[in-house]
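**Q** Below: one structure in structure tokens.
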Amino acid sequence: MRSSMADQPPRDSKTTRVKRWLHRKTDRAKDLFRTGTSSDPGSSIHSQGQTAASLPDIPLGVVLNPGLASLEAARSSHDLVAVEGTSQVPYPSLIDDSSSGDGTSVPQDQCVGGGQSSETDPTPTGATITQTSSDPFAQGPDDTLAQASPGPAAEELVASQGTLVSADRPADGKPSQTSSTFKDVAKVSLNFTQTLLKKLPDVLDGNPVKIALGLVKMGIEIKDVVKENMDAVERRIASTCAQLEVVGDARISSWGPQDPKRPLWLVRFERTLKEEMVNLQRLTQGSTLRKIADHEDEKALIAAIFERINEARILLQLDTQINIARAVVAIEAAILRTLSNDLKPSHKADHKTDLGGGSSLPRQTCTPGTRIGPLRAIVGWANGTSPECQDVFWLFGPAGSGKSTIAYTVAQRFEAAVDADDTITLGGNFMCSRQYEETRTKACIVRTLVYHLAHKCKGFANALNETGNFDTIYQSVSAQLNGLLVIPWHHYLSSSSDIPRFMFLIDAADEIEQQGGSEFLRELLTMINDNRLPGLKFFVTSRSDPDILVRLQDIEEEEVKRDIETYLEANLPLFRGTPEMEHVREYAWNLFICAATIVRQLTQKRARFAEQKILLEKLIPRRAQKSTSQGATHLLDNLYMQILSEAFGQFHDDFLPEKLCIFHAFLCTLERTSTAVVSGLLFPVRDPSSVPTDVVDDIVSCLHAVVYIDGNKNILSYHKSFTDFVFDKSRSGKFACDQPSQHRLLANSCFRVMTKGLRFNIANIPSSFLLDSEIPDLERAVKENVLPELSYACRGWSPHLSMALCIPSDPFFAILTDFVGLQVLFWIEAMNLLKCQGQCDHNLQQASRWVRANDPALAQQLMEAASFALSFSGSPASASSPHLYVSSLATCSPGQGLAATWKHHFPRVPIFIATSFKKSSALTQIRLPSFPFGLAVSADGTQIICGLYTNSIQIYEASTGKTLRVLEGHMDDINSVAMSADMTWIVSGSDDHSIRIWDTSTGKVLETLEGHTDQVWSVAISADGAHIVSGSADKSIRIWEAATGKQLQVLDGHTGTVNSVATSPCAAHIVSGSDDKSIHVWDLATGNTLKVMEGHGGAVKSVVISADGTHVISGSADTSVRVWSISTGKQLQVLEGHTASVSSVAISSTTSHVISGSDDQTVRIWDLSTGEALKVLTGHTSWVCSVVISSDGTRIISGSMDSSVCIWDAAVGRGWESLESYTNNAVASSPGETQITSGSSRPSSTLQQVTSIGGKLDSPEGHTEAVLSVAVSADGTWLISGSLDKTIQVWDTSTGKQLGVLEGTVPVKSVAISADGAYIVSGSVDKLVRVWDGATGQELKVLQGHTGWVYAVAISTDVTHIVSGSEDQLIRIWDMASSKELRVLEGHTGEVRSVTISSDGASIVSGSGDMSVRIWDMATGGQLKVLKGHTSTVNSVAISNDMTCIVSGSNNHSIRIWDFLMGKEMQLLEGHEGAILSVAISADGRHIVSGSADQSVRVWETATGKELAVVEGHTGWVTSVAFTPDGKAVISGSSPTPQSGGGFCKEGGIRTAIGKRQRKGWILSKDQGDRLMFVHHSMGLPSPHLIRIFPTPKFPPPTVNFGQAALGPDWHECYIADPDRPTFS
């Protein structure tokens, strides 16, 4: 029976009652387990091997906790069975919830777990507990709960709130009346706070982050177990544990304990956490029963500890968020800095930039009360949000009408956003001005606007950083608008919930150079029409432009006059209401610039009112006629004339010319310059660092009303109308500037400054080993040594000279002669340091044209200097200024007079000696992304236009190769391009059957011409620019109107593809060439056929008409170039010399020379009058598909299928000649007919010369890894090499030039050429045999079957079979035609290293790793003989052509000669000191050649076995050797060597440089990798993995001598100022 509350004894304290209750329950449990019986008399124990009586006497807590580790989830709230181990014992009732045994009961509100007391105390009568073999109830120390922890089953138990019940359940499944709940015991044992203390030691760690995360994990685990058995305090503790997870943030945990960057706020948190963990640890001490008894008090203490931890966590999180915010701000700032570098905006164009240099501010806001109407209209438009509101506001008016002042006022207003009603912000602005290059360049506008917007809108900045195409900053405005604004803005809006509103402001667009303002406006309007830009508006000011039809806003004349009156009253308050004011107002008329100039003149010197009246009377006398009867120009002229008269009237007539010279100088300089630069140019000084500027300052001061000095001390005019006035003598009279004379004066000044300032190594560069970019403080050194006036002189002398008049016996001829003698080199050096090297070629050509008519010899010298400058500026050598001398000068041709003069002063540069000059190399080469099928050059020669295989047109800067624009729109290959004479548009023809007309400046397609039904192979533009002519594969020629794109005529007559069309200079004729082998001449106006020229034996690939219209030049697939009379149609000459199809022809403007490009990879220059080939230009490594010549005839440009464009010197008739260069270390000769000579694969020797006797097979870089196999064609004209670099390379044996590269994906082990040259076969490490087309290099077949590397391949003489040997120990025979595997030859027990086929095709010989040589029957695959004698791997075998002997080479250093028929060993050849890697027999069988790992090539006499020659020089293993068919030359290939390369060493007292050829042409020193010298690939210096031909080819090779070279830190010693002066030691 349950005891009533009234029956209970007097209440003890809460702690005492709990302890007593627990003791009773513990004692009862002990008794039950000792006796094995229940208090229920009917209960029984079913022992299964072990009884409960054997259990030790243990406390209750230990019994319950281990037991829970093995309990399953109860099947119901009264059902629970423990299943673990093998022994089951009856589990008696442990607890009577209501009875204490002593007559007391624990009330429900005093239960430790806080749960309800059971109303009954049932005793289970058959409950069992499963016991493991190890005692699960082992007693823990101190009788505490800390020694056991609940397992997964316990968690499931608590989750289901299960209880211990009897296993003998009634059949109805209802709970027994005697069952005892386990819930309260679980509450006691699994109470949250107690379990937390119990688990605390598991999370103690020295790392606070680990502690915090441990508490998080522990809290989650305990919370999941206890569930709702937590009160509010415990839930708060659990919540705090969970919130500590923030400490695990990677940004926090990444700081290690010793990290010096560890923040203070993290240290504070760690300190708090450690202190509170110590407090928690103290609470874990003491017995379990005490902890439970003192639970409420300890829980409060624990809660307080966790509260303090949580407060520290909150501070930690707050500090973290603050630092994250700071990091975000820093990242945003970094993005903006990056954008500044990427966009290169103009800072001077920003309206906020102070250009006034103090008090003289050229930008001012409108005077209050003026321009009210225009400003109201602009503000209303800007704030307008209706759909009808236009996106562009164009404000235009005449010069001086105040547009810029209005623009500045608008910019100020919307920049500051001072008006609450404004709905838009100034997003960006660009104030155009001709006074600075960056403010008059159209390309700077968009990138500056975008940069400003990125500062205003962070979202746009991020979008720009993610999606912006920064490559477009050098491209057209439309490309910039699309790549930098349209795409990023749309990307930003796609992720933004609202649309911000920004206004772009562009002022004075008419001041953009070369009518760029009109073009910009057109492109802007086109972009806005094509792309909706929500939120963006554009405000533009300029002069009126009749080319733009959209009229958005003009300024009313009467309103302008009212505003001028307001402006005058505000700035001349003393004149208000006076007759003088009325006079000024009438004089100014509607020109704000006139009013502003008068105000500046009157107010600049702070004159008093009386003085101002006098000044005004002088400035605009009352007798001047009223403005209404005069034009605006006349008004300004009178005003400017008066200002100049007053300014210069104070000087005596004797001094006036000098003062005017100063005044004119700062108007005629190429860029706005400072007073110091003008002074430095005009007045010689002894100390260049202290140029007196007082004279120039005085002039500027006198002209304060029309010019000013900005913050950078540059002199600028307030308005362009003033400079226009001064340059017009009819308007400015005696103050006029004679521009040609002034430019002559400035050119002379430039030469004087350069003569004084230029010198060798002007920036004191410390070492030639360094690139300029690697030298610290080089920019500072350049600034200190190249003073501003010298910098200007270097950049300005040629433009000034070209604008002066050239006269016979001009004094400048002597100046220029001295200049090119030596000083030109120092000038190129300075220009390179100023990063203006691209201007050198143009400037020297400009000077050459200037003198040509009067001094042809000097013009020739200037062109030679220009060619040298171009070869340097377009070369990687320009990255290091010392290599102007060390590399470019050292490698230029000694045949040039200038070069010889220059080299006389540089005796200690490396000596590059070429003993024969039969070829010419390009001045510079531009690498392209694809094949340039179409090629054109601009009229001024500065731009090269390429139509590419990749469907795009690319425009390049000729002097540097920099990409200027990319035009995209065609859907297929572009075959032909042409550029208009005014360089404003380009036309292209494509495989997509269309013709497109492009705007050069914008890159936009202007028209698409459609009508052809097949590929368009050629396009041309008539001389007058009115017509476009096209030729197509549809056999037709079409004439189009250039302006409209309208098709005018279709000319039919050809019966084959029309490959080429051209128009005559008079625009009267069309010439076409076709696959039908004919040339047609057509009347352009009528379309009638005038002439048909026949004579070619192949398709006519190219036609051109001479500049005088009298000749037609044609190039054909029959390899000839032919000259025809356009009037008679007769053939005049046949120019022969090419060995393959002539793909393109061109003719010089003087009609003296014809240029042709051919599939034989050469460009030829022909004398038109004699038909003689004057020059063969070699350097391309594939077909030359297009050639053009510059309009002045000085440069030839060729495009090739090697994806390059080469620029050649055409004017001098001889280029920078070179041959391939080779390294030579040893020469040995045989007494017989064959002379064998060898050289090294190293690019420099261990002695003094970097040479090679023999032809190096050159490529841009050659093989980059070991050459493992070589083979020679049957006719001996070409050979192939297979390499570990995954390529097969094809070479011309006579010239050493690379003919092609077969690209693979795996290393090539072996190669072979078919007897007819039609096929190349290769074996590689991917276990495959490949067959390639010998003519095209196309992969034809892949033969699969081998299961190991293919070491060897061979082709039968009749080209019917392929034989391959493999690592899989097998030889396979394949059918060449069907690619089927015919037979597999088995017998070798090691890898098959070499195979060869007898000349009759009946036998196969193989060598193997099993040390044997075997002979096989080709027809049956049967093994005929096994030749044994070698004691190591046989690497190579060969059969003589007469099939009398076999030669084999082995790893045992020996070569064996075997009798083919008998299989007997005939001779043993010894001499090599390393493994024999390759052997070959000459065609006549008289000689054997071997290559070895000892790095030597040896030649033996077959009959006697005598060693004839030892050729040393290779620096790696000689892996492959072969004879040419005539037996007179040997080809060898080598592997890399770890010692290839070199450094500086001393040998015999001579300092020598030993280099290693690297990619991009640099020869590097050993170990340090210092840049010794740059040699262009066309010079032919060998690569480390060289293929060589022995003996030497026809022409002896060049050499490079480093013996006396001064390099590195000593490079400055390479120069001697006066080489003829004797020196004394």
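Glycine too: its Cβ is placed from the backbone N, Cα and C atoms.
Note that the structure is a prediction, hence the values are computed from the model and not measured.
Annotations per TrEMBL:
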COMPBIAS  16-27  compositional bias 'Basic residues'
COMPBIAS  35-52  compositional bias 'Polar residues'
COMPBIAS  91-108  compositional bias 'Polar residues'
COMPBIAS  117-136  compositional bias 'Polar residues'
COMPBIAS  345-354  compositional bias 'Basic and acidic residues'
DOMAIN    386-543  domain 'Nephrocystin 3-like N-terminal'
REGION    1-52  region 'Disordered'
REGION    91-155  region 'Disordered'
REGION    345-368  region 'Disordered'
REGION    1227-1247  region 'Disordered'
REPEAT    967-1008  repeat 'WD'
REPEAT    1009-1050  repeat 'WD'
REPEAT    1051-1092  repeat 'WD'
REPEAT    1135-1176  repeat 'WD'
REPEAT    1177-1209  repeat 'WD'
REPEAT    1260-1301  repeat 'WD'
REPEAT    1308-1342  repeat 'WD'
REPEAT    1343-1384  repeat 'WD'
REPEAT    1385-1426  repeat 'WD'
REPEAT    1427-1468  repeat 'WD'
REPEAT    1469-1510  repeat 'WD'
REPEAT    1511-1534  repeat 'WD'
**Q** Treating G and I as helix alongside H, and B as strand alongside E, what does DSSP give for the repeat 'WD' (1051-1092) in helix, strand and coil?
**A** 0 helix, 23 strand, 19 coil
**Q** I'd like the per-state residue tally for the repeat 'WD' (1385-1426) from DSSP, helix first, then strand, then coil.
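**A** Each residue of the repeat 'WD' (1385-1426) counted once, the result is 0 helix, 23 strand, 19 coil.
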**Q** Suppose I define contact as three or more CB-CB distances under 8 A, residues 6 or more apart in sequence; do the repeat 'WD' (1260-1301) and the repeat 'WD' (1051-1092) meet it?
**A** no
**Q** Note the mean pLDDT of the repeat 'WD' (1469-1510), expressed as a whole number.
**A** 90
**Q** Taking helix as H, G and I and strand as E and B in DSSP, count the residues of the repeat 'WD' (1469-1510) in helix, strand and coil.
**A** 0 helix, 23 strand, 19 coil
**Q** So what's near the repeat 'WD' (1009-1050) in sequence-distant terms, Cβ-Cβ under 8 Å and 6+ beyond its ends?
**A** 975-982, 985, 987-991, 993-997, 1056-1067, 1070, 1072, 1074, 1082, 1084, 1087
**Q** Which bits of the chain, at least 6 residues beyond where the repeat 'WD' (1135-1176) starts or stops, bring a Cβ under 8 A of a Cβ in it?
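**A** That would be 918-920, 935, 1098, 1101-1108, 1110-1111, 1113-1123, 1182-1189, 1191-1193, 1196, 1198, 1200, 1206, 1208, 1210, 1213-1215, 1297, 1299.
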**Q** Could you give the number of helix, strand and coil residues in the compositional bias 'Basic and acidic residues' (345-354) as assigned by DSSP?
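**A** So the counts come to 0 helix, 0 strand, 10 coil.
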**Q** Excluding the flanking five residues on each side, which residues at least 6 beyond the ends of the repeat 'WD' (1343-1384) place their CB within less than 8 Å of a CB in that stretch?
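**A** Beyond its ends, the repeat 'WD' (1343-1384) has Cβ neighbours at 1309-1316, 1318-1319, 1321-1325, 1327-1331, 1390-1397, 1399-1401, 1404, 1406, 1408, 1416, 1418, 1420-1421.
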**Q** Using a Cβ cut-off of under 8 Å, list the residues of the same chain at least 6 residues beyond the repeat 'WD' (967-1008) that approach it.
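**A** For the repeat 'WD' (967-1008), the list is 442, 475-479, 516, 519, 522-523, 526, 933-940, 943, 945-949, 951-955, 1014-1021, 1023, 1025, 1028, 1030, 1032, 1040, 1042, 1044-1045.
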**Q** Are there residues at least six beyond either end of the repeat 'WD' (1308-1342) with Cβ under 8 Å to its Cβ atoms? List them, or say none.
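**A** Residues packing against the repeat 'WD' (1308-1342) from afar: 1268-1275, 1278-1284, 1286-1288, 1290, 1300-1302, 1348-1355, 1357-1359, 1362, 1364, 1366, 1374, 1376, 1379.
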